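According to TrEMBL, the protein carries these features:
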{"type": "DOMAIN", "residues": "46-183", "note": "domain 'RNase III'"}
{"type": "REGION", "residues": "215-236", "note": "region 'Disordered'"}
{"type": "DOMAIN", "residues": "241-310", "note": "domain 'DRBM'"}
Amino acid sequence: MALAYVGRTLIHLHRFPPRPSAFHRLLHVSRVSLSSPLTAALSSFSPSLVDGLPILLPLEDEETRKQVFTHRSFYGRPTSLFEDPSDDPSPDNEFLEYIGDSILNMCAALMIKKMYPNLRVGPATKIRSLIVQNTNIATISTHYRLPALLRMHAAQAVALRASTHVQADLFEAYVGGLFVERGMDEVRDWLFDVLRPYAETAYESIRKEYIITSSGAAHSPPNPDESGTGSGNGYADSDGGHLPYLNQVCAQKGLTIEWKFLPSEVSSNAIPQWIVECWVEGKCQGTAKASTKKKAKHEAARHALIELGFQMPS
């Protein structure tokens, strides 16, 4: 079980250096002023959404808290290892972040179903992607002042602490630590309160994509999972437009894009297949496979647009 595995990783650690009083003050923070350019660019999510967030659920165990606030650069362990030695598990927060990321996505999905029980899977997927995007999670992390307690390599401290990706990963690690200590039920209820204002805003944003016809019937773009003909993506049929449009949207919103090419495969007819992943703000938003790198990038861009909830203009 993941819980047992994480429990074993919490041994052989030193004392957490920040003073207890600093962490105690962290638990009672109510709100902070945010000036993240990425947050401002995503106009549908106002920084004021953090004003009503609940008090930070505290971590009680010192060892769990220490691991949550330890960035991998602090120890500088190799990242290419398959697994850690049984007597020397990794002391950083990467595995807790891995758990927390899964919990955030699951709780967002459960909350959407509870708040909007009649919502179809396609729109619900778009809403969830908007809720848990890095800019929102980083904003929440900054509101609770989590980055101020992060331990990292001194030479990278300024850049890492200001990184949206690192801020979001830290909140996910914190959620993972809460799960280890408190279990799913308590963490889920707390996350519902944290994410609810983002769900309401995302719902209204995605709902605007659905056009009300003159007869009063609702019409929505076809869902790629529900359409059996055509491109099935709700966007233009031409592959050529998706990649430049994704670049345009991300540039306008200040989002970073990274392309990762995986080892190619050979199909049954001996034609090489290129596999590419489209990463936006540190999260994989689209994966595609095609006979050329160019085609794979365009298809991955199409999937990323769908996942991010951006619709190409007709």
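From the backbone N, Cα and C atoms, a Cβ is placed for every residue, glycine too.
Looking at the domain 'DRBM' (241-310) alone, the prediction's average pLDDT is 83.
For the domain 'DRBM' (241-310), DSSP puts the residue distribution at 29 helix, 27 strand, 14 coil.
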